[in-house]
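*Asks:* Please see the structure below; I have some questions.
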Protein chains: 4
Amino acid sequence: MKSIGVFTSGGDAPGMNACIRSVVRTGLYLGLDVYGIKYGYNGMIDGDIYKMKSYSVSNIVQRGGTILKSARSKDFMTKEGRAKAYEQLKKRGIEGLVAIGGDGTFTGANIFYEEYGIPIVGAPGTIDNDLYGSDYTIGFDTAVNTALDAIDKIRDTANSHDRVFFIEVMGRHSGYIAIQSGIGGGAELVMVPETSTTIGDVIQTLKEGRDNQKTSSIVVVAEGGEQGDALEVAAKVAKELPDLDIRVSTLGHIQRGGSPTSYDRILSSRLGMAAVEGLVNGEKNVMVGVVNDKIAYTSFKLAISKAKPINPELMRLVDILSI
Amino acid sequence: MKSIGVFTSGGDAPGMNACIRSVVRTGLYLGLDVYGIKYGYNGMIDGDIYKMKSYSVSNIVQRGGTILKSARSKDFMTKEGRAKAYEQLKKRGIEGLVAIGGDGTFTGANIFYEEYGIPIVGAPGTIDNDLYGSDYTIGFDTAVNTALDAIDKIRDTANSHDRVFFIEVMGRHSGYIAIQSGIGGGAELVMVPETSTTIGDVIQTLKEGRDNQKTSSIVVVAEGGEQGDALEVAAKVAKELPDLDIRVSTLGHIQRGGSPTSYDRILSSRLGMAAVEGLVNGEKNVMVGVVNDKIAYTSFKLAISKAKPINPELMRLVDILSI
Amino acid sequence: MKSIGVFTSGGDAPGMNACIRSVVRTGLYLGLDVYGIKYGYNGMIDGDIYKMKSYSVSNIVQRGGTILKSARSKDFMTKEGRAKAYEQLKKRGIEGLVAIGGDGTFTGANIFYEEYGIPIVGAPGTIDNDLYGSDYTIGFDTAVNTALDAIDKIRDTANSHDRVFFIEVMGRHSGYIAIQSGIGGGAELVMVPETSTTIGDVIQTLKEGRDNQKTSSIVVVAEGGEQGDALEVAAKVAKELPDLDIRVSTLGHIQRGGSPTSYDRILSSRLGMAAVEGLVNGEKNVMVGVVNDKIAYTSFKLAISKAKPINPELMRLVDILSI
Amino acid sequence: MKSIGVFTSGGDAPGMNACIRSVVRTGLYLGLDVYGIKYGYNGMIDGDIYKMKSYSVSNIVQRGGTILKSARSKDFMTKEGRAKAYEQLKKRGIEGLVAIGGDGTFTGANIFYEEYGIPIVGAPGTIDNDLYGSDYTIGFDTAVNTALDAIDKIRDTANSHDRVFFIEVMGRHSGYIAIQSGIGGGAELVMVPETSTTIGDVIQTLKEGRDNQKTSSIVVVAEGGEQGDALEVAAKVAKELPDLDIRVSTLGHIQRGGSPTSYDRILSSRLGMAAVEGLVNGEKNVMVGVVNDKIAYTSFKLAISKAKPINPELMRLVDILSI
């Protein structure tokens, strides 16, 4: 292998730049040419590709977002699109790819590999931490800390006014951000897609808190819960407990950005290095991850299809700590 | 004067604790007894009042919220409520009050003074910076920095995905937070209640940006604008410019909390000291503020009624910097 | 077991409060009485002990330091001191202890257990991450992020002035903070006690950087290296490379404080819960840790004596990423 | 005037990039060509000069340091150096300059103007806030907040261990950073060059604190005080009060870097705009500043020679708040 390409795809995540940097420098260190492909699969199709040097990735380890830009590509979902993409790679002699992204990215990569046999190693870049095959994904630790910082701020107001706050965090199919920011933020209750929490449960928790002289409470709600979003949950609760001073805050897009934490920079750097080393060593059609703090490769298929359950110990912690 | 009381009222603001600390310690320094009144006017009516010592305010200068809690009081809007409140003060020999809050707080204080003649000095505690008689209010600088930090994070995503973001910040009747966070955040446009911005203006700005090769844009929207909130503005723009990838983020309650900035801690400390010194020197029925970095006292009436216009130089800055 | 005590000892670490909170609430949840012992072993000897309630630990999860205060105790190193301490516990019916601290704390706990047979479970509270039996210790993640934030700031100046900065971080016997903040901060070189780095190595790295058109460089130095502290290393390098504009920054005590990160709050909460559950289940004379994200108990002896090597993959990362 | 140049010189300060951005965009807005001069006067002499576009300053408003790099120039202190510099400007048709820096920068600018008559407007870029003619300088607010954040962290440890900390902040000839971070950080005492504080004063304050049941104390020391640096002051105090557990922390270079605060971004943007508008309107040989929140121009001579005293109200605040 003499030439590889790297791109980011899907929602951006803090640490993607650190990962790009690691891919580029590991590639150069191993004597490879490294090409940056902009705007994910779209740039691959359009040939928006340039050769990267060591200085191309200077001073980006601390930056959120992705210098290669990201996009979701409709064209790549067509046979024609993928054919064009392959031509662009072939023309430049690119023999392997590092794809930084989430399940959509890897679904595309899987098809592309099957059609054209080009080796692809994926790095899990998504704040949702919803990929099997890596204990943590790039951006997750930063997103949790951002959510936590917001909860800390909101608790100032909750305490000052004796209010109940429903705080919605990201994680449509995964409660990881919710459970971790909930524990860290001292939430009374956390509602995640993985477990069933009824409105009755919420009401009981809030009543118990009141009985225990709690004057304010925080409920963290993962965005995709079965009881609806935070606004809907709050409205249902308010009907039953009209005396409470209830407010809602939806944290939204701030959770995607910002300078990555130490953990995310190191994870991203490790995964970038391991992705390139994997390619060189013959890995293909796999996602690289960290399992029990060791590098592991998992097939794309497994990575995107197998569920990653939340540690039940964490669910128990919320219960105990909120007494 | 031998005894004074201090309370916080209305929406909490970062720096209120630093102000309470300053009131208490200045009072003690001058040989006064200082009483903390909890939950604003409600606690005054209910007698939720305690004597404060120097250590009562230890280690709070850096904390958001208010250790005296805050509330909006319906009872104080009645003659009976105010009569009860006065009795509670009289009973304890409290001869003067420091009221930390916003226009609602001062409206109540004004009536209370007129009815009972008890000297009250207000300190402007509100993130909105909408009080005449002080260049800045307690909590404003922190709120702007919180909004700015959020905008910085969102710009990471905007840049990575070539998106247009409409970001809603607080400030129902005042565009101060919007204009400052907009300039600091490098926004292409800022919509504030003080000036009229049409949807046509927004569209033109975005089009010009596109013509100038801008791939992403940020529009900061103050919550109470005439074009509606950020969601409504975004919807109207999306109809006219369907090609743009438009997103909305409403920052919400995070803007009220958090550890106060240096500026807010010092401002709060200065105003707390000046409030007590003012009371001792015979000030009554006034808000203490900082005008051109000097302490100034302004009648409650003026403070809550007179408009504080935004520096037109700042509006011009947004225009120039977004080219 | 009906009653337990909890204390913090040795250098404070962010997350100790979250751990105390978890110990208290888990204890109460399990129906135990929980006593807080102030100032570590000193307070145990002096009887500075009080019963804790759920509200005793409200609103502390986000705070650095320790509400139970900490100290190093000379008296506890004597037989008489420990006898007094035991009497104080006996008098109150305290039948088990949770000790939050580092190797000094556990050395004392080990002796105390051997002499009096009182069950003690330790929780690893030290920013240095130098205890065997837990992949991470309470406060480490926060300390690394604090160091990283400082390195990010210093790099602004290094870049602006084309300087070489030697930055000293904590870790007298352990290079964990150095290696992690070094990778995260994009350092050109990291000097840790675990490996031998000569001044010649430093000089070569800086020369290579210069040859590769690097205009500024950062060298992270763990405080207890064999080449001396950062000032000494810098002086030796300056002699050999007089053309370089070299500066030194010693981060110092800021690394111990601050609001704990999400990771530290969750780790602390988990360890606090597991410490109490361990005590109830008959554990004694052990440290509770997290190994491969699972709770594990390790004898005090092993925890304080066995070396925890740095992942060699991380040392390799520094090399590769600095090209 | 058709062409202007902009450069940064002296120590870097957060907000310099925001100021460069404002200079460039205001210049373009007014139809001027704008040249960036790298490495301050050195780049002017060497012709390290390039034409800047609007996108040259995209996405830098939030970054510390200076994209134009900075340096102190020995060559510019010679007649020959300045002659070369003038030639470089003339060759490119640069008819006016914006110099962002501190007193050294303006001293050079003053001579350059007197020799060659080229109009120069300076913008005060220094964290020390030691220039007459502007209430605040670019970078000061950020530096104070950085120092304050460090003090907050250190106080966690001071409180946990009942220690006295001497914390040294920047400001060789000016106590602004010390006094503001000291008030904001709740310091018991602040030692600044502007006033005389004896070791006896320090000892008395610490004794009084002890008498008032204070268990920990913080003394903020400006680096250039007459009693020596923080280490020296601490050593002298330790001799007299051997029972105290005294520690020293020197904050150092972290105070120069980091993302600028809202205040610094806005101040920088305003000053950049006003500098260019000043040049166009015929200003020359002056520093632009903000006085009572209004733009003001002050001759270089006055700006660098006239003292800017610290508001005595602030000194009084420290006294009162530390009781």
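Glycine is treated like the rest: Cβ placed from N, Cα and C.
Automatic, uncurated: that is what TrEMBL annotation is.
TrEMBL lists these features:
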{"type": "ACT_SITE", "residues": "D:ASP128", "note": "active site, proton acceptor"}
{"type": "BINDING", "residues": "D:GLY11, D:ARG72, D:SER73, D:GLY102, D:ASP103, D:GLY104, D:THR105", "note": "ATP binding site"}
{"type": "BINDING", "residues": "D:ARG21, D:SER22, D:VAL23, D:VAL24, D:ARG25, D:ARG155, D:GLY186, D:ALA187, D:GLU188, D:LYS214, D:THR215, D:SER216", "note": "ADP binding site"}
{"type": "BINDING", "residues": "D:ASP103", "note": "Mg(2+) binding site"}
{"type": "BINDING", "residues": "D:THR126, D:ILE127, D:ASP128, D:ARG163, D:MET170, D:GLY171, D:ARG172, D:GLU223, D:ARG247, D:HIS253, D:ILE254, D:GLN255, D:ARG256", "note": "substrate binding site"}
{"type": "DOMAIN", "residues": "D:4-278", "note": "domain 'Phosphofructokinase'"}
*Asks:* The domain 'Phosphofructokinase' (D:4-278): mean pLDDT?
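*Replies:* Result for the domain 'Phosphofructokinase' (D:4-278): average pLDDT 96.
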*Asks:* Compute the C-alpha separation of D:GLY11 (ATP binding site) from D:THR126 (substrate binding site), stating it in Å without decimals.
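*Replies:* Per the Cα atoms, D:GLY11 (ATP binding site) and D:THR126 (substrate binding site) stand 7 Å apart.
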*Asks:* What does DSSP call D:ARG247 (substrate binding site) in the simple three-state scheme?
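*Replies:* Looking at the DSSP assignment, D:ARG247 (substrate binding site) belongs to a strand.
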*Asks:* D:ARG21 (ADP binding site) has how many other Cβ neighbours within 10 Å of its own Cβ?
*Replies:* 26
*Asks:* Would you kindly determine which binding-site residues in the set D:ARG21, D:ARG25, D:GLY104, D:THR215 have their Cβ under 8 angstroms from any Cβ of chain B, listing them in sequence order or replying 'none'?
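*Replies:* From D:ARG21, D:ARG25, D:GLY104, D:THR215, the ones near chain B are D:ARG21, D:ARG25.
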*Asks:* Express in Å, rounded to the nearest integer, the largest CA to CA distance found among the substrate-binding residues D:THR126, D:ILE127, D:ASP128, D:ARG163, D:MET170, D:GLY171, D:ARG172, D:GLU223, D:ARG247, D:HIS253, D:ILE254, D:GLN255, D:ARG256 named in the record.
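*Replies:* This binding site's residues have a maximal Cα-Cα distance of 33 Å.
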*Asks:* Which one is closest to the residue listed as 'active site, proton acceptor' in space, judged by CA to CA distance, out of the binding-site residues D:VAL23, D:ARG72, D:SER73, D:THR215, D:ARG247?
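*Replies:* Nearest listed residue in space: D:ARG72.
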*Asks:* Sequence order please: the binding-site residues D:ASP103, D:ARG247, D:ILE254 that have their Cβ under 8 Å from a chain C Cβ, otherwise just none.
*Replies:* D:ARG247, D:ILE254
*Asks:* Including all protein chains shown, what's the count of other C-beta atoms within 10 A of the C-beta of D:THR215 (ADP binding site)?
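*Replies:* A count of 14.
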*Asks:* Identify, in sequence order, the residues in the chain of D:VAL23 (ADP binding site) that are 6 or more apart from it along the sequence and have a CB within less than 8 Å of its CB; answer 'none' if there are none.
*Replies:* D:ILE4, D:VAL6, D:VAL34, D:VAL98, D:ILE100, D:ALA123, D:GLY272, D:MET273, D:ALA275, D:VAL276
*Asks:* Inside 10 Å of the Cβ of D:ARG247 (substrate binding site), count up the other Cβ atoms and send me the figure.
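*Replies:* Excluding its own Cβ, the number within 10 Å is 18.
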*Asks:* Quick check for you: of the binding-site residues D:ARG25, D:SER73, D:GLY102, D:ASP103, D:GLU188, which have their Cα within 10 Å of the Cα of D:THR126 (substrate binding site)?
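*Replies:* Of everything listed, what lies within 10 Å of D:THR126 (substrate binding site) (Cα to Cα) is D:GLY102, D:ASP103.
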*Asks:* Could you round the CA separation between D:ARG25 (ADP binding site) and D:ARG247 (substrate binding site) to a whole angstrom and send it over?
*Replies:* 48
*Asks:* For each of D:ARG25, D:ARG72, count the other CB atoms within 10 A of its CB; which of these binding-site residues has the top count?
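*Replies:* Max Cβ neighbours within 10 Å, all protein chains included: D:ARG25.
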*Asks:* Are there any residues at least 6 positions away along the chain from D:MET170 (substrate binding site) with a Cβ closer than 8 Å to its Cβ? List them or say none.
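*Replies:* Non-local contacts for D:MET170 (substrate binding site): D:ILE127, D:ASP128, D:ALA143, D:ALA147, D:ILE177, D:ALA222, D:GLU223, D:LEU251, D:GLN255, D:ARG256.
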